[in-house]
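Enquirer: Structure in structure tokens, see below.
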Amino acid sequence: PLLLEATLLRLASGSHHPFYNGFYYNHVVNDNGNGQEKGDYFNGARLVVDTSKDPIYSPSGANVTLPCHYHYEPDLEAKRKIRIKWSKLRDDYTKEQDVLVAIGKTYVAFGDFQGRAHILRADRHDASLVVSDVRLQDDGKYRCEVIDGLEDESDVVDLRLQGIVFPYQPPHGQYRLNFHEAERVCQEQGAILATFHQLFQAWSEGLDWCNAGWLADGTVQYPIRLPRKRCGGLHLAPGIRSYGPRHRHLHHFDAFCFSSMLRGEVFYLDSPARMTLEEAKQSCQDAGAEIARVGHLYSAWKFLGLDRCDAGWLADGSVRYPIVRPRANCGPSEPGVRSFGFPSKGRFGVFCYKER
């Protein structure tokens, strides 16, 4: 015990390095000589991690590589046994989701990334992450962390899915969804709740919508391009109006959903007498497909140029039609997905979806 106590006292005194792992660490001060820290170096070398400064874009279902490389300044010739860790960040950086940890050729992927993620290793200093079958939930910021003994450096890369944001209101009317119900209805329509970044991107591309809706972070916001009295006031500048965070159980609003590019096609079916909703579902099944969801129709309109001036049933019981080229008798003068709401009666065509 006395020997142990003496050893700990010597280590605490700062006159000796706490342990030796092949490197001696030098505490470097700045050039002003005022004792302020400049950085930690080992053997005179500094570990540097670089990722892409520009966002990486990908459609859903594709394979994507998130670039990350590391090097030493000056370079160290000897191979190092380093550890690579990838994690996914929340928008506010308060929590991280483990994605993958690798040492040498051995790696472990976690959660939804199991079987979909691995390290590229195109060269000795390559720590790039490969994600296959990209999903809507993969959109976001990722941290690439390289660990060499006590040395630990990281950088962040942004993965953005190519997609579309659409407002969603359920059949029973406006402002009926708490946060968890909003999450569910977006998933039912082949989408997820949009992030603020996705809503901002949609606003910059022209989305103008006066009804407030939930976003993935639990805030309630809405995008306004043309200020008007009942949408925040005439004298406010265009932008994203925010109610801030709301109670996820007690408060009720609409939803902003995000859907990405399709792995299949959306097509229209009709019959001379048109169809009820149940007949429409059966017609899609007879064609080897399923009745399309709202997210399918928006994605086909945006990415596949689907243009049809015929109203058709969708899976949620709504009736809509997509217009790329505005023309007479096809609604307003702007492109968009038109909606007839949720008719309790009536006969229409149907939009079907079939995966490739």
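The backbone N, Cα and C atoms fix where each Cβ goes, and this holds for glycine too.
Model, not experiment: these values are computed from the prediction.
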Enquirer: Between Cys284, Cys330, work out which one TrEMBL annotates as bonded to Cys309 by a disulfide.
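Expert: Checking TrEMBL: disulfide partner of Cys309 resolves to Cys330.
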Enquirer: Disulfide partner of Cys210 per TrEMBL: which of Cys186, Cys231?
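Expert: Here TrEMBL pairs Cys210 with Cys231 via a disulfide bond.
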Enquirer: Taking only same-chain residues 6+ apart in sequence, whose CB is under 8 Å from that of Cys210 (disulfide bond), what do you get?
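Expert: Listed in sequence order: Tyr222, Ile224, Arg228, Arg230, Cys231.
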Enquirer: What number of additional C-beta atoms lies within 10 angstroms of the C-beta atom of Cys330 (disulfide bond)?
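Expert: I count 15 other Cβ atoms within 10 Å of it.
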Enquirer: Would you mind ranking the disulfide-bonded residues Cys231, Cys309 by how many other Cβ atoms sit within 10 Å of each Cβ and giving me the lowest?
Expert: Cys309
